[in-house]
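For 112, 252, 282, the entry in TrEMBL reads active site. Per TrEMBL, the feature domain 'Beta-ketoacyl-[acyl-carrier-protein] synthase III N-terminal' maps to 106-183. The feature domain 'Beta-ketoacyl-[acyl-carrier-protein] synthase III C-terminal' is assigned by TrEMBL to 236-325. Among the features that TrEMBL reports, region 'ACP-binding' is placed at 253-257.
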């Protein structure tokens, strides 16, 4: 049987660290208020590097860790909510930066679930086609779309990128995946304003000058706490695998309260969930690969370990991946 397997990880985060105390100087908040509600202590904020720059560095890191070159990559997918431009796609820009001339490249837009969507898409393409190696990246510069005067959102988000190299193999890797979306809730729970350019043919056009993240925190909390256990259970059921066989769960790093509540619903110890949001904040599509790379670098992942990746986000979207390391 043909599988795709993660053979390496990589990451990149800007050097500029913004602590909760730093934020207290520009908005009415403090470290205790932020950390007690979110678990976040600091985040990385780009000082001019755009999403493609972060993605390229994380991607090259993963390629080098796999012992490959950019020319070995057949497929390149970038999951992002903050592309450099409408076109070309961020993936095509990254392809050019790193020199992955043989790869075809495209973006995936599924907000904080984006990396899960991108992995699932790459897995299915590779199993059905001739591609051998894929580079999948989650990258964000959310600092570009945060309202720095709104303490309910500006304290949550950060910039960063994480990446994996997938290889086609007969060895067990990605075993099952689950994807879902509910557009009926998307426009009321988590949005980033529509881009509406001036059009002389539209009368009384409503021009929106500022595009910021807007979020109904309570609704997102309820959604996430329900969807994480559901997605974990569904992806394991597809693989006919018991929850107690899983070594670690890598959730989207949004809020520590969400992770704790989901762990309680699954009747699992908090330690089963890998968390590093205290250092990076919510980096949307980058959060899961950033966490995965950190765990890998720290020697926490051994061959044969069974892992679950689970995300949720705007759209509303959710998804999970069950894999063997």
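Positions of Cβ are set from backbone N, Cα and C atoms, glycine also.
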DSSP three-state assignment (helix, strand or coil) for residue 282 (active site): strand
Cβ atoms near residue 252 (active site) (within 10 Å, other residues, all chains): 30
Secondary structure of residue 112 (active site) (DSSP, helix/strand/coil): helix
Inter-residue Cα distance where the pair is residue 112 (active site) and residue 252 (active site), in Å: 7
Cβ neighbour count (within 10 Å, all chains shown) around residue 112 (active site): 31
Coarse DSSP state, helix versus strand versus coil, of residue 252 (active site): coil
For the domain 'Beta-ketoacyl-[acyl-carrier-protein] synthase III N-terminal' (106-183), mean pLDDT (0 to 100): 95
DSSP-derived helix, strand and coil totals, residue by residue, for the domain 'Beta-ketoacyl-[acyl-carrier-protein] synthase III N-terminal' (106-183): 26 helix, 32 strand, 20 coil
Residue 112 (active site) versus residue 282 (active site) - Cα distance in angstrom: 9
Residue 282 (active site): tally of other CB atoms within 10 A of its CB: 24
